[in-house]
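S.K.: Checked Swiss-Prot, it gives:
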- E88: active site, proton acceptor (ACT_SITE)
- S9, A10, M11, N12, A13, G14, K15, S16, D87, E88, A89, Q90: ATP binding site (BINDING)
- C145, C147, C182, H185: Zn(2+) binding site (BINDING)
Amino acid sequence: MASLYFTYSAMNAGKSTSLLQVAHNYEERQQHVLLMTPALDDRAGKGRIASRLGIGRDAVSFTHRTDLAAVVRARYMQQAIDCVLIDEAQFLSEEQVWQLSSLADTDNIPVMCYGIRTDAFGNAFPGSAVLLAIADKLVEMKTICHCGRKATMSLRVDEQGNAIRMGQQIAIGGNDRYVSCCRKHWKEAMGLR
């Protein structure tokens, strides 16, 4: 039986790079993958997954209303799919995570999701929370804080590098808006003890 995977980390750990490498590995063995990414993350262009290393690929774009299982099954009718790869999985709805689990459980298609656990305020994203609860396999990718400790948090900063302590859960951005840090330094920046 296929599995549902969730690879998670703080920002800037190389999740998209890893996803693109997995796609390459499947295709190198003449297997077919379906790459998917949320429409709201258009930093690399709509329907595109890109890494900070400069590599990228086109992907199927979806919204929080898209029935992901239906999309995958429709594409499977055109060509077999050996693996589904989801970038920015924190933006999945709870229902979409369950849809992806049905692809693994019913359709026997491995689904690999890549995303961050928590937002800039330390709260779990709904999609990440469900993935952490039901994924068959959890994989933590590691990156480091400026102090050298493992970074587990993503700090949102303004143009001057000051921590933003409140705001919308979702604010698309990269290295210019987010800094990965350990919990201790995240708490200090957020004014918490």
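Note that the numbers count up from 1, one per residue, in the order the chain is shown.
Quick reminder: no glycine exception, Cβ is built from N, Cα and C everywhere.
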S.K.: Tell me which of the binding-site residues A89, C145, C147 sits in the most Cβ-dense spot, judged by other Cβ atoms within 10 Å.
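M.R.: When each Cβ's neighbours within 10 Å are tallied, A89 tops the list.
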S.K.: Do you know which of the binding-site residues K15, H185 has the most other C-beta atoms within 10 angstroms of its C-beta?
M.R.: K15
S.K.: Using the residues the record lists for ATP (S9, A10, M11, N12, A13, G14, K15, S16, D87, E88, A89, Q90), what whole-number Å value is the largest Cα to Cα distance?
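M.R.: Of all Cα pairs among the recorded ATP binders, the widest measures 15 Å.
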S.K.: How big is the gap, in Å, between the Cα of D87 (ATP binding site) and that of C145 (Zn(2+) binding site), rounded to a whole number?
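M.R.: Cα of D87 (ATP binding site) to Cα of C145 (Zn(2+) binding site) measures 23 Å after rounding.
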S.K.: Using the CB centroid of C145, C147, C182, H185 as the Zn(2+) site centre, which other residues of the same chain sit with their CB within 8 A?
M.R.: I144, H146, G148, R149, A151, C181, R183, K184, W186
S.K.: Between S9 (ATP binding site) and C145 (Zn(2+) binding site), what C-alpha distance do you get in Å?
M.R.: 12
S.K.: Using C-alpha atoms only, work out the spacing between M11 (ATP binding site) and C145 (Zn(2+) binding site) and round it to an integer in Å.
M.R.: 11
S.K.: So of all those binding-site residues, A13, K15, C145, which one's Cα sits nearest to E88 (active site, proton acceptor)?
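M.R.: Going through A13, K15, C145 one by one, the closest to E88 (active site, proton acceptor) is K15.
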S.K.: Looking only at C-alpha atoms, tell me how far K15 (ATP binding site) is from C145 (Zn(2+) binding site), rounded to the nearest Å.
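M.R.: Pair distance, Cα basis, whole Å: 17 Å.
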